[in-house]
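What TrEMBL records for this protein:
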type     : residues : note
REGION   : 1-28     : region 'Disordered'
TRANSMEM : 41-61    : transmembrane segment
TRANSMEM : 73-91    : transmembrane segment
TRANSMEM : 112-132  : transmembrane segment
TRANSMEM : 138-157  : transmembrane segment
DOMAIN   : 303-491  : domain 'Bacterial sugar transferase'
TRANSMEM : 308-329  : transmembrane segment
Amino acid sequence: MTVSIAKSDELPGPHSDSSVTRREPAPRPGTRWYYAHRRRLIGIDLLMVTGAITATYLLKFGDELTTEVGGTGVPYVVAGLMVGLLLMGALGGTESRSRRILGAGLEEYRRVIRACFVVFGGVAVVSYLLGAQLSRKFFLTTLPLAVLMLLVGRWAARCGLNNQRRGGAGLTPTLVVGSLEDLAGMVEDMRRRPDAGYLPVAVASTDAALTPEGLDGLDRVSFQDVSEWARTGRVEAVAVTSGLTRGEARRLAWDLEDCRTHLMFAPGLTDVTGPRIHFTDAQGLELVHVDLPRFSGWHHLLKRAFDIAVATAALVILSPVLLLVALTIKLDDGGPVLYRQERIGLGGRTFTIHKFRSMRIDADRLIDRMIDEAGGKALLFKVENDPRITRVGRFLRRYSLDELPQFWTVLRGAMSIVGPRPQVAREVAEYTDAAHRRLLVKPGITGLWQVNGRSNLSVEESVRLDLRYVENWSLLGDLIIILKTVKVVLQPKGAY
């Protein structure tokens, strides 16, 4: 997150002199990728807005170009053009193309949705005040279509940007500041998640000397020289993990004012995301409020309705695939088509899960021996070349086709579309206290770790992603995970 720090008369910190020297702004580091991406976004937004308005117009009026908005004398063609211009302006006004939110997180999508509702809400109010007889069909069709098309366009643009970032382009050179222990964690996180858009190029420790090469071969910077080093233009961001006093943080912010460098502070709130964090300033007392996660209420009713709608649609649309898979399994070895197993769900309650059988009929009798041979840890146990998997089963698992019957389990209410994967009792028996929080929500067909590496992730990282979902889930977040799941299934990596 980007943090601004208020000034005061107090000037503690590593540069504690009483004079304030204003310097010429440092040259802006290379931002060519951002301006190119922003131009692409403007083009995509314009295309999506034009497409939504044009499609609605053709559905309502066909090729008639002279139809007027009742009571105004303004043709719908002109009204549509005005709405399109307002939408483009609102997308800029909500800063939906801000560099800070591109490539990761839900804030970009929230701002797109906000811009659409502001424009259409404003149009509705103005139409009412002017007595304009605006076609409700035209209005109520254009709004959801514009939202949908804009979100799809932004998602496609994000996929392109993230592909660039995974190839080493479009990254923000970053200097990481903090204690030696936290530096290593932050650098590792940035390297493991290039989609976030940060490239660690230098480190500055607040509590210990670094080797001449710095951390993992990164440039070494003295904490006292952070602002001077940033002023050279070699970094676009300074990320502070820990180890700074209040005064040092304030002074660092002042020293970076004329560097045109983003200053970020890791909040120290593990896996708590933006919507749950609020800043308040009461009579000079600055506090960070963290909303507690809620596991009941109206938003869970919406999630249940969403689950029913998606599961029903999936079973209807995919019914030919279900029949084909069932027939293929039966013809392969003559065994049962479905595999049933007891899993642990919401609140620790057991339920029966149904999957297309992808293993030998005697697979369950071999699992204990395989776990013992692998070190005895049952939690998230998987073997890349599992000898129990059949020839057909290997194909089913690669494209997650074995999971399709779980849509029926969702309709029964034991599972959700999105959530932590349900596990068997022997795995739950190995849960830490933190891992038990996975049981606070319904298990899901897909989830965060399924779209972030699947079986290639370590057990610790998989559990961390599940807990992140439990703490921060939202309906919009579920929709994003579903869209990512489609991509992961079509380009399977780490599936076995």
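Cβ atoms here come from the backbone N, Cα and C positions, even for glycine.
Remember, it's a predicted structure, so these values are computed and weren't measured experimentally.
Per-stretch counts of Cβ pairs under 8 Å to the transmembrane segment (73-91) identify 41-61 as the leading one among 41-61, 112-132, 138-157, 308-329.
Non-local neighbours of the transmembrane segment (138-157) in the same chain are 37, 40-41, 44-45, 47-49, 51-53, 55-57, 59-60, 76, 80, 83, 87, 91, 96, 108-109, 112-113, 116-117, 120, 123-124, 480, 483; each lies 6+ residues outside the stretch with a CB under 8 Å from one of its CB atoms. If one looks beyond the transmembrane segment (41-61) by at least 6 residues along the same chain, the residues whose Cβ comes under 8 Å of a Cβ in the stretch are 67, 76-77, 80, 83-84, 87-88, 91, 97, 135, 137-138, 141-142, 145-146, 148-150, 152-154, 156-157.
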